[in-house]
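Here's the structure we're looking at; comments come further down.
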Amino acid sequence: MAPSGPTGAQPSPAEPLSRSIFRKFLLMLCSLLTSLYVFYCLAERCPPGSGPVAGVPGRGVPAGPRELAMWPAGAPRKRLLQLRQRRRRGRSGPGDSSDQEEQSPGLAAAPGGSGAGSSVAEAQPGTLALLLDEGSKQLPQAIIIGVKKGGTRALLEFLRVHPDVRAVGAEPHFFDRSYHKGLAWYRDLMPRTLEGQITMEKTPSYFVTREAPARISAMSKDTKLIVVVRDPVTRAISDYTQTLSKRPDIPSFESLTFRNRSAGLIDTSWSAIQIGLYAKHLEPWLRHFPLGQMLFVSGERLVSDPAGELRRVQDFLGLKRIITDKHFYFNQTKGFPCLKKAEGSGKPHCLGKTKGRAHPTIAREVLRQLRDFYRPFNRKFYQMTGRDFGWDG
């Protein structure tokens, strides 16, 4: 019998045809893998700024419709950006604050957050940079402007689940405390966003800051404003409870509430009381923004029906309704809805340990007098916003 030929030669009549096909397939596969490996090695050696790359902003040729169509959808893009941010953070030294990941004060141990003073890390050189837009920092298109202890932190954390929302975790306090630093400084606080994503921030004190409406309007008259409001009586008690946890030696709630207890005069100079005068604080905002550019979210419904309120918010922001009932579960211990999966994490997360903190017991007569005091302000607020929040029922 004649000896067999070398590998890849024509099969002998006795050799099955399938074995020959399989052998050729293996050769082609090995060649393909070798070529891909060589291409990958060469790409990794190329410096990030070696030349214009189509479709990558800041690297030459701007992205066109063809490149945009090839980019991943919103959610995968957001996860990839967060992954690159965490990797870059691991390599950064302690003094490199520009690459530090923001830590939201509200969501305990929630990885992948985004907030003040941070930036998404630059794309690593190589093939990923050809497919991913690294994004850019933008001034916020939407701001949660109030109110303190109304549920602003919960709303922001819920919104950050949406793949098209990028938000600062910490409160920037730009329009009330740091306006002198300029818009460039403010923009640098923002996270990077991709095409189709919106930038957000929340600072509840803006709502009661006299200069804030004009300053935000000067930045952009198209800014969308969200106000989370809550029964002013329970809001005041919650405000006091937070202060009490930091300063246990402060006077009682009752003594701070009244300017003259025997006459029943409420002390409106106390910030816990003054913030609840929503109608008064809303007036300057309506001089700079149309009512249709503002959304008033019920803090009570954010607890009882978070998906319903988030549906309104998503519609207001022009976002696809992605956040639904399936994203929430009710924590019986805290008496508050929690996220089944927080941003950048596959694990359930509730807001921080202060959420659901027990309030001190307030005398019924004090509560009655406070409700009587707030009633005319509440009714005016209902008329101004076109929504009855039911605080006087």
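Yeah, the Cβs are placed from backbone N, Cα and C, and that goes for glycine too.
It should be emphasised that the depicted structure is a prediction, and the values quoted were computed from it without experimental measurement.
Note: Swiss-Prot links Cys350 through a disulfide bond to Cys338 (candidates: Cys46, Cys338). Under 8 Å, Cβ to Cβ, and six or more positions away along its own chain, Thr203 (substrate binding site) finds Ile143, Ile144, Ile145, Glu171, Pro172, His173, Phe174, Phe175, Asp176. Within 10 Å of its Cβ, the residue among the recorded positions Ser205, Asn260, Ser271, Asn331 with the fewest other Cβ atoms is Asn260. Counting other Cβ atoms within 10 Å of each Cβ, the binding-site residues His173, Arg177 show the lowest value at Arg177.
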